[in-house]
Amino acid sequence: MNSSASKNHSAQSYGGANGRPSDAEMPGGHRSQTNWHRYLSLREMGVYYALILLVLILSAVTAYTGRANYLTLGNITNVLYQSSLVAMMAVAMTVILITGNFDLSVASVAALSAAVTICMADSVGFWPAAILGVSVAMLVGLLNGAIVQWLGINAFIVTLGTLTAIRGVVQIVTDGRSLSVSDPEALAAMHALESGRVHIGLPLLIMGAALVVGGALLAFRARRAQRSGALLVGAMLGGLSLVAVSWVGGAQLSVQKPVIYMVFFTALVWFVLTFTITGRRVYAVGGNPEASRLSGINVGRYKMVAFVLCSGIAGVGGVLFGSRLGAINPTALQGQELAVIASAILGGTSLFGGAGSVVKTLAGALLLVTLANGFNILNLGANYQGVIEGTVIVAAAAIYTLGGSGRGRNAH
């Protein structure tokens, strides 16, 4: 058994299941061309192409109809701000999906965290209330994970049940009415956490220059070593984009703090999934749980931690949501679990585990919010919004499915 698992691991590490060298290992121009074709394919880059195309269409429509220019820094930062909470929860959801599980209760958990925070802020202060709210959210994640792992019940069924139960708890906590914070110190702390702005002009310039220079050097070394520099060129293009944005926005360019939280959390999860043993094990647990178990990985622990992470980040999102207005109502964030899951699906995350990219999930969240933002600008009715959003999600799922299962590791 162990020998067989070792052979399978070797086959996966050096090409396909038949042990054949992968494209990345083939020397010369054929490998390079194959990699470029793969990196730029609709399956790999579809969400980015869709986002760019959507922005161009909205820009053209607003220009044609005489409306204000869509591509203003103010509107771009507004889209980023509107995306921040859903994107953070979607990134955490991606981790759960990679492990082969599912969590429908994420938005309800966020609402519960917000309700606990708002209810307790006047009496104990904002920060203790926020810590309590996030702790309650993490306990829900622990409960979800324990039921799924120890009782063996399907995660979809478990989290569908907790979604409903937690909504009832929110009704109990809020007594079925809107609640607000009245303590000035608590409100000031909420404002400082959620509503403050951060100047990013100079940091963007520095990061962009570093990406361009570092990417150029690494691409040169990769070329000498006959390795593909496609991703490095992508990093260089990203660096040039950051430099351009900082140049246009100037030193006073700023964004709301939740945007910074979103970017930082996404970058952290991307780094862990891409460059650490923990990340490799997360993909292994979702891709082949039995082989992972035979190789000594504690599969249950990784799946459990994914549930706790997702609920914990949902708790943080709930605290930020409650801090926006210092108030909460019983129906807060209702239905947002669909936006969270849709963001991951648009980013190409496999619903069967073992594959997913948090960066693409972030792009998926931006795509959904850009759609909604465009609908508002064009005064498109809510009924049409649902039809178009649903069509986009189904089309994305079809593209990824027809493009291949892609159950291998994909964290770029």
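Glycine residues also receive a Cβ, built from the backbone N, Cα and C atoms like all the rest.
The following features are taken from TrEMBL:
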- 1-15: compositional bias 'Polar residues' (COMPBIAS)
- 1-30: region 'Disordered' (REGION)
- 46-64: transmembrane segment (TRANSMEM)
- 85-118: transmembrane segment (TRANSMEM)
- 124-143: transmembrane segment (TRANSMEM)
- 150-170: transmembrane segment (TRANSMEM)
- 200-220: transmembrane segment (TRANSMEM)
- 232-253: transmembrane segment (TRANSMEM)
- 259-283: transmembrane segment (TRANSMEM)
- 304-326: transmembrane segment (TRANSMEM)
- 338-355: transmembrane segment (TRANSMEM)
- 384-403: transmembrane segment (TRANSMEM)
- Message: If we skip the immediate neighbours and take only residues 6+ beyond the ends of the transmembrane segment (338-355), which ones have a Cβ under 8 Å from one of its Cβ atoms?
- Response: 43, 46-47, 50, 86-87, 89-90, 93-94, 97-102, 104, 106-107, 283-288, 361-365, 367-368, 389, 392-393, 396-397, 400, 405-410
- Per the definition of 3+ C-beta pairs under 8 A with sequence separation of 6 or more, do the transmembrane segment (384-403) and the transmembrane segment (85-118) touch? no
- Query: In the same chain, which residue numbers or ranges, 6 or more beyond the ends of the transmembrane segment (150-170), come under 8 angstroms Cβ to Cβ?
  - Reply: 101-105, 107-109, 111-112, 115, 140, 143-144, 330, 332, 334, 337
